[in-house]
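Trainee: Dumping the structure here so I can ask a few things about it.
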């Protein structure tokens, strides 16, 4: 019996471009959705832009446009990118929509009526210049525990301490630089602890990924907390009913955006919205997300739905991050590749196939090895799959006017290919795409071996063997048809071209029905080889793109410095003696490697050469150096006799010196030419 299903992807934030990391999730979901359609299931695939929040409000102001203009431009770009990669959404909407406002307001009122919304007065830091309350991440200052400078308002990335923004020493607004004041404000909280029993039961259902189940157990053990769902004006979002100058936090209305996008589709097509969202719905609901937002989708979202007496997700499918050549995507190396840049140079089906060949059901990072990318695409798609069709089609066209044989040359081999149908289907269903691809390519090898063993090019030279030639080549084309049917969810454009050649639609139901006695069209090139020069073009364009952005930012930074030359500087510290200074062992060090700490918003990890040994130093200057790889080879000054500090993200064996007020306004100290690693600063 046909299943009714609704599938979503995480909503891309409307404050930046789509990159190949985003595309992993959307390709994964699209393959699964296309497979379900081939199996005859009634499935709807929706998404939207996540269009609210302080970052969007501030970015729009920085650009001199309205938030509405910013998110409209982002949506246009995002839709074009997804279309370019053949992501087959039934609807792509925005959280800044009337449907989302109505559903968000309705759900909030329902939660409030059911007693799940609490309110209390909290103290917050307030920017007197911008006249706005400051979220934790928009406050910086000195850690009250370890005295590390330029730390965020909620936790220290040097000593891993957590604290209130009010505890920061010398706090400042990350928006204006002003010293914030403390103001009280009433906030609204979602009572998540009330749903602990339901969430534990949901966790024990056995359908969630084991990694999610284990993580949820950790959160249960540490204790669930009430969730602040409100933000004070000014804020770009939806106003909270009956609460002046209060707005819903972006993470409240973002997942509701799934419902809003589907509601928009229902209103246009006549679908029954309630059938998919009512508490006792027999339909299936699946969310594809990245591992970084499991917390919201496995705790807050199902609890909110349950509190509104709506259905919970059937499952949440999380995936890992994308790395390129074994390391985090890098702007300076040209591997932080935007979808639009990729599409200018490379067929999107290449990436769809490569991701599919590596994706499984676990939450694992996926490495895009550029050399392997080229090799695998050419080996599998061009040399094996497409070549299987081309080497047989030429004989059918020239010798038999495109007509295939009336019977199968090798019924046992055909039966072997058909027998794998349900196993391949099971791999697709379980999101084990790598296993499906491996099995399909094994069959492809068998098909090519069949043609090699039969050698139609030899048969073609033998008199009186036309029937045998037609039978062998028809068999080769028949096996190609079966393989393309299996690969249609992964390679929809190639499948469409194959359908034009075969003059039949590729469906799961007709896989076992051979094209006996039918005609095929004249063969045209189905797929082009992937060349290294195409990869190089993408890398170089990416480097140029971000180099231009950095140049523009540097220009703005210089103008800012020029405009603030006469502003006050920090006062000179208390006087010390020469003996105090002598306690510091300052050394010259050469940067061997430098990379961002993925889990940290502040830290860079340095490997430093001090002449006779090397050291690792973690430094909180990430905001000032967007391209840490460019620091390799540079000489810096460090405090060499500072006791090693065990931090959340590793051990730091010293301190690198820099000057500035903090954040992006930090500058590493360097030395003149001729300096050598290990030299002492005197």
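Note that the numbers count up from 1, one per residue, in the order the chain is shown.
Each residue, glycine too, has its Cβ placed from N, Cα and C.
Sequence annotations record features per position, and here Swiss-Prot assigns Zn(2+) binding site to 143, 146, 156, 159 based on sequence analysis. Swiss-Prot lists 331 with the feature ATP binding site. If you look up Swiss-Prot, you'll see 580-682 marked as domain 'tRNA-binding', on the strength of sequence analysis. Per Swiss-Prot, motif ''HIGH' region' is recorded for 12-22. Among the features that Swiss-Prot reports, motif ''KMSKS' region' is placed at 328-332.
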Trainee: Express the predicted model's confidence over the motif ''HIGH' region' (12-22) as a mean pLDDT, rounded to an integer.
Mentor: 96
Trainee: Measuring Cα to Cα, how many angstrom lie between residue 143 (Zn(2+) binding site) and residue 331 (ATP binding site)?
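Mentor: Here the two Cα atoms lie 30 Å apart.
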Trainee: Could you measure between residue 331 (ATP binding site) and residue 146 (Zn(2+) binding site) for me? Cα positions, answer in whole angstrom.
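Mentor: Cα-Cα, rounded: 32 Å.
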Trainee: Report, as numbers and ranges, which residues of the same chain sit near the motif ''HIGH' region' (12-22): CB under 8 Å and 6 or more residues beyond its ends.
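Mentor: Non-local partners: 47, 49-51, 53, 55-56, 59, 70-71, 74-75, 77-78, 81-82, 94, 321-322, 324, 329, 336-340, 342, 351, 368.
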Trainee: Using all protein chains in view, find how many other C-beta atoms are within 10 Å of the C-beta of residue 331 (ATP binding site).
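Mentor: The answer is 20 other Cβ atoms.
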Trainee: In DSSP terms, helix, strand or coil for residue 156 (Zn(2+) binding site)?
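Mentor: Once the DSSP labels are grouped into three classes, residue 156 (Zn(2+) binding site) ends up as coil.
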Trainee: Can you break down the domain 'tRNA-binding' (580-682) into helix, strand and coil residue counts using DSSP?
Mentor: 10 helix, 46 strand, 47 coil
Trainee: Taking DSSP three-state, what's residue 143 (Zn(2+) binding site) in: helix, strand or coil?
Mentor: coil
Trainee: Using DSSP reduced to three states, classify residue 331 (ATP binding site) as helix, strand or coil.
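Mentor: Once the DSSP labels are grouped into three classes, residue 331 (ATP binding site) ends up as coil.
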Trainee: Is it possible to get the count of other C-beta atoms within 10 angstroms of the C-beta of residue 156 (Zn(2+) binding site)?
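Mentor: Summing over all protein chains shown, residue 156 (Zn(2+) binding site) has 23 other Cβ atoms within 10 Å.
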